[in-house]
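Engineer: To start, I am sharing the structure in question, which I have written as structure tokens.
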């Protein structure tokens with residue numbers, strides 16, 4: 001088959017419609033623009049909030065992609081927003097400390113952790129600086145495709161392109177239209193609550209001195225974790241800015257309430273007898289609407305395909321493979337999707353767009369699916385620890401896993417290396433065997449990344 005060079009003139013530029021202005025959509029826009037494709041992005045909301053939600057971590061396998069944006073310009077832009085997550089200090093509910101552990105793959109110089117809203121806003125501003133057309137308040141109400149093009153319907157108008165990328169997130173309406181599939185839910189028996197506190201909330205409250213006070217400000221920022229029966233609590237600090245975000249996973253006995261105070265009351269009920277209960281309550285009580293999320297944790301059955309029947313439309317990111325927060329890879333896998341898609345379109349060229357999307361799916365589908373499995377495995381591993389005496393005997397059991405096949409992976413190098421092999425397998429009707437997953441195709445707790 002013919003592999004195209006990166007150079008393209010106006011008539012050969014691939015026109016791409018991207019739906020959704022989250023991490024997946026913005027990464028796809030930036031990556032595709034960087035490969036010379038013509039991109040337009042549609043988002044139903046009328047504005048972006050500069051700060052929203054809790055924190056999100058991008059692992060080294062995604063950061064190696066965004067590190068190239070503007071020859072490092074983007075990473076310099078977000079550096080002031082980053083939390084230092086080099087280490088984790090872990091204790092149990094009695095106050096017993098298991099020690100401090102290195103956080104591989106998310107540490108300084110490898111990955112980064114920021115407020116979710118701030119990351120999306122920074123990506124949006126960077127994309128706009130590149131001249132990428134972004135249309136806010138433009139809800140996509142329909143999708144369509146022919147053998148030669150694909151498009152969307154916005155405000156009653158049909159807009160055409162060579163392909164459509166649906167990156168609408170976990171609640172995507174386009175997923176069913178494009179793939180003909182519903183993402184089935186299976187509850188895990190657990191729920192999670194998360195919150196973000198900035199200096200406007202924390203700076204005047206002495207009750208938070210135990211985590212952000214002057215004495216603590218001298219200490220190194222890190223991730224603090226507490227393990228207890230049926231509850232796991234974590235706090236990540238940015239002491240120089242008086243900021244933190246927290247995360248609590250708990251059994252369904254603490255099912256999220258309809259209001260913030262009700263949810264927190266239920267969590268505190270599950271933390272009866274905890275040595276740090278009163279301290280953690282001071283953090284949770286500062287939760288505000290717009291910066292607090294509480295949800296039942298459910299796994300989503302993998303989609304059989306991410307493609308439309310004529311293969312000119314594809315779903316990526318959470319719309320395709322939403323993972324539990326415990327995977328630590330939701331945003332990172334979206335970036336891998338985006339980078340792989342851009343390269344496949346570059347190599348296939350305008351005449352083989354359908355093949356490019358098919359190769360993207362082949363290179364990414366199984367990998368994303370196993371990462372989804374990992375989210376559940378990590379959640380169950382953390383939540384099912386009930387023998388705390390055994391943990392004291394071997395504290396390394398509480399170390400966060402860091403599999404090399406996930407965190408040390410270079411999705412761009414892999415896409416360039418494997419494109420022809422995957423394309424020929426598709427054209428010949430043969431199975432493509434990916435090499436970016438464990439040999440047995442299963443997730444396991446590994447501690448071997450750089």
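Note that Cβ sites are derived from N, Cα and C of the backbone, with glycine treated the same way.
Pulled the feature table from Swiss-Prot, pasting it below:
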{"type": "ACT_SITE", "residues": "194", "note": "active site"}
{"type": "BINDING", "residues": "43, 116, 318, 331", "note": "FAD binding site"}
{"type": "TRANSMEM", "residues": "14-34", "note": "transmembrane segment"}
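Buried or exposed, and what's around them? Tell me for each listed feature.
Structural biologist: In the three-state DSSP reading, residue 194 (active site) counts as strand.
Annotation for residue 318 (FAD binding site): spatial neighbours 22, 24, 169, 170, 172, 330, 334, criterion Cβ-Cβ under 8 Å with sequence separation of six or more.
Residues 8, 40-43, 45, 48, 56, 65-66, 69, 119-120, 123-124, 126-127, 130, 132, 134, 136, 140, 150-152, 159-169, 172, 174, 316-319, 331, 334-335, 337-339, 341-342, 345, 349-350, 353 of the same chain, all 6+ positions outside the transmembrane segment (14-34), place their C-beta atoms under 8 angstroms from a C-beta of that stretch.
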Engineer: Can you tell me the CA-to-CA distance separating residue 194 (active site) and residue 331 (FAD binding site), as a whole number of Å?
Structural biologist: 16
Engineer: Under a three-state reading of DSSP, tell me whether residue 43 (FAD binding site) is helix, strand or coil.
Structural biologist: coil
Engineer: With every protein chain in view, how many other Cβ atoms are within 10 Å of the Cβ of residue 43 (FAD binding site)?
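Structural biologist: Cβ-Cβ neighbours of residue 43 (FAD binding site) within 10 Å number 24.
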